[in-house]
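Heads up: the structure comes next, in structure tokens.
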């Protein structure tokens with residue numbers, strides 16, 4: 001008996017110690033992440049270091065002024081945020097308050113598809129379709145900052161819609177009922193009460209969306225080509241220019257022919273600056289999300305209000321215009337004894353005022369419809385663009401979808417599948433064990449908050465920063481490439497994307513474990529069941545659905561990534577297949593055609609885009625419909641299916 005108890009305790013301690021060790025090794029990994037970035041940044045050289053805070057940018061002349069690239073990044077991101085917030089919030093109001101739950105669920109699936117589309121496909125769409133709109137309809141330069149603002153706005157719209165919709169679902173619906181019972185209509189309740197109620201959350205959503213926009217790299221390179229900042233600004237053609245953002249400067253010069261150690265040091269510093277900016281934005285978002293924090297630190301509330309007022313300046317002023325029209329049109333404000341003769345004018349103007357108010361509410365609903373049409377119309381447009389043109393490209397004689405040579409879409413698909421398989425094999429067990437320790441064993445709120453902050457902050461980092469880490473550590477230090485320190489390899493790409501996916505999987509596994517009712521654990525402990533047995537026999541089986549969905553979403557994330565693979569795995573595949581040799585993925589194959597001189601480069605982009613989008617839609621279908629449907633089948637139904645299957649086998653034998 002004592003031996004059994006000792007064995008049981010040994011197993012219990014083994015899981016706890018092992019998962020805790022992994023969790024703290026995870027922290028060490030990300031400390032080394034920052035150390036390696038800083039180490040590479042110190043190689044900048046004195047000439048470049050002196051020029052960092054100047055206005056001149058010309059890496060060939062050792063001028064690396066950061067202000068103009070940073071200014072372009074900020075202006076483009078703010079422009080995209082203004083458009084995305086206006087369309088996204090109104091679309092969310094339409095989905096939550098105008099649509100039935102079944103319709104909302106189906107429309108939300110379309111938004112999930114938009115959020116899963118790789119950024120390089122957005123870039124391809126902007127360079128091929130949006131450019132025509134700007135050139136032929138607006139009579140503006142086709143490839144410009146205005147094009148990028150439009151593209152980025154639709155890239156961050158899914159973030160705004162999904163987060164705002166989730167926020168609205170938690171708002172008490174009694175607020176609307178109370179306002180309606182006082183004589184106001186539903187639209188008035190939404191915009192006067194609900195919108196104010198979610199104002200702090202909206203600020204957090206806008207901050208996260210801005211961080212996503214400012215960190216975009218690969219899609220921007222499809223449109224922006226110039227680094228002549230001083231010349232463009234002196235000629236007063238900023239918005240119609242094709243000046244590069246800070247992130248796209250990194251991806252442009254990281255493998256340039258004239259690149260040396262000092263230029264790479266400059267690019268690492270640019271990456272660290274983006275890292276700091278995004279970290280501060282995420283820190284503000286996480287910190288200000290807590291109402292108690294806003295009460296304790298009033299300056300946070302002022303910053304939050306400032307962000308809200310800047311982004312909503314135009315919509316709020318349009319609404320204020322209608323309020324002014326409805327309030328100032330009445331010359332007779334109130335009927336009294338001394339103006340009884342003016343009662344007919346009073347009622348006439350009052351009626352006109354009511355008409356203006358109704359028109360205002362009608363316009364709000366109309367705006368919701370237009371915004372919803374724009375959001376879902378863009379999804380339809382990009383899907384039609386990919387499916388129609390991709391199908392034509394696949395049916396051409398030059399299609400390489402079913403070829404597995406070095407420069408083929410089939411080989412890129414195989415490389416992507418290999419990367420997915422190895423990455424998931426590495427990261428999923430590690431992420432699950434770390435999530436188990438954080439959720440089931442750790443009792444310290446401070447430790448849990450530190451881990452959650454690190455995970456949330458690093459999860460939203462620009463993926464090109466991870467690419468720089470992979471370049472400096474896996475290729476330059478460990479030399480995990482057949483070409484040595486200056487080469488690229490599939491294994492370097494796999495390990496780099498594993499770092500990215502590990503963060504995502506830890507968080508999603510944590511959420512899946514949290515969704516399991518704590519009453520089940522308490523009941524099991526009351527029966528004398530050990531914590532290890534509770535985890536493996538109760539918690540994990542109950543969280544299985546969430547864990548499978550997390551796994552599928554992580555595969556989706558791997559397929560959609562470009563920057564980490566572009567820097568570590570290369571833009572082309574080797575003639576031989578080996579993990580130590582270069583290998584392009586589906587997304588890097590699309591991006592690599594930007595630098596190709598082949599006449600069929602666009603066709604290659606289109607056929608690869610079609611393969612990627614079909615793959616992603618299947619994954620989203622599995623995670624949103626198939627997996628939940630399978631788990632809705634109760635045990636009895638599974639037994640019925642099993643008995644029918646056995647009867648069929650018996651019948652087949654006879």
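Glycine residues also receive a Cβ, built from the backbone N, Cα and C atoms like all the rest.
Your range for transmembrane segment, going by Swiss-Prot and the list 1-21, 22-42, is 22-42. The transmembrane segment annotation in Swiss-Prot falls on one of the ranges 327-347, 390-410, 453-473, namely 453-473. Of the listed segments 221-241, 242-262, 368-388, Swiss-Prot assigns transmembrane segment to 368-388.
Between the stretches 514-534, 535-555, 556-576, Swiss-Prot puts its transmembrane segment entry on 535-555.
With a cut-off of 8 Å between Cβ atoms, the residues of this chain six or more beyond the transmembrane segment (486-506) that come close are 26, 29, 33, 415, 418-419, 422-424, 426-428, 430-432, 434-435, 438, 455, 458-459, 463, 466-467, 469-471, 474-475, 480, 550-551, 553-554, 557-558, 561, 564-565, 567-570, 578-583, 585. Between the transmembrane segment (113-133) and the stretches 64-84, 266-286, 368-388, 535-555, the greatest number of Cβ pairs separated by less than 8 Å involves 368-388. Counting Cβ pairs closer than 8 Å and at least 6 residues apart in sequence, the transmembrane segment (368-388) and the transmembrane segment (143-163) reach three or more and so form a contact. Here the listed stretches are 22-42, 143-163, 266-286, and the one with the most C-beta pairs under 8 angstroms to the transmembrane segment (64-84) is 143-163.
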